[in-house]
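For reference, the structure discussed in these notes is given below.
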Amino acid sequence: MTSLFATTSRPLRPQNIDGSECAFTITWREFIKTTMATRLTFYDPETDTAVELILSEEDARRAENDLQFATALMNSALQERATRQGKTTNVKSQQGDADNTDPDSPNTEGHSQSAHQGDTVTSEESGLYRWTTEMVLFLLDNYVEREEKFSSGKFSQKKNWEDIAEAMRSKSPLITGPQCAAKMRSLKKTYKSVKDHNNKSGNDRRKWLFYEKMDTIFQSKAWASPVAVASSSGVSSQRSQESKSEVSSESSSSRKTKENMASLLKKRLQQKKEEEEARAKRHKERMEMDEKMLALLSKLVENK
């Protein structure tokens, strides 16, 4: 399939379904030459939502220039997504103890977690994408390969995610950079939640299919550090330990400051004492000199 790619970053500020203002961006535009259709990806940074639509070239151009039309398209897609999610929830509730098909969802110890391979659901109409276990692992592998580019600052985040999406299209041709970025944010959020939960004693240990993989990649990151660790005898946390360390450091600093002040005061008193002694010595010497002068003058008067 031959495709021509072009990107646009014109910000649109439409109205949400409830009437409130939002801001989304058309982040990807692809013309599919074989079907004479255009795929547009709308991304809303406020809700971290990416919606992909397949439109005619005429509708795509109109969406890029007509605010109301673009708003209607995105709201319609969001309504369809909500409807689909509602149907999925109803089906799962009727299945009783059916396994959780979302590989992102952590489970407490003792509960099963299934990872269905090949359950990708790609909707050309709404742009929805179901991440399978295989694709999540593929995403993480591609991220690891390009991790230095993310931290070097030499490449834009958008460029890095588009490179990852391009590599992933070997297995999923319709995947986009914004979808990969949104998925990674979701994975990081779940990883942090599971790690914080498991670091609190007394909690049921949570299992998550991607925890070990994520921990290998992000365990050294500052944002991944556990918030607190609770114990039966009280609450002991990394933050409290840091606070104690800070208090100890402040106390030590305070003691040093007081010692320095006492030393300076003692030195100043010694200097003042030495100055007074020197002044008294000079006064004594002047008095002795005056007495000698008087004695000498008296002798001169007597001799006359």
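Each position is counted from 1, following the chain as shown.
Just so it is clear, glycine is given a Cβ too, placed from its N, Cα and C backbone atoms.
Database features, via TrEMBL:
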{"type": "COMPBIAS", "residues": "85-125", "note": "compositional bias 'Polar residues'"}
{"type": "COMPBIAS", "residues": "271-291", "note": "compositional bias 'Basic and acidic residues'"}
{"type": "DOMAIN", "residues": "130-217", "note": "domain 'Myb/SANT-like DNA-binding'"}
{"type": "REGION", "residues": "80-125", "note": "region 'Disordered'"}
{"type": "REGION", "residues": "232-291", "note": "region 'Disordered'"}
Tally of DSSP helical, extended and coil residues in the compositional bias 'Basic and acidic residues' (271-291): 21 helix, 0 strand, 0 coil
Helix, strand and coil residues within the domain 'Myb/SANT-like DNA-binding' (130-217) as assigned by DSSP: 60 helix, 2 strand, 26 coil
Averaged pLDDT, computed only over the residues in the domain 'Myb/SANT-like DNA-binding' (130-217): 90
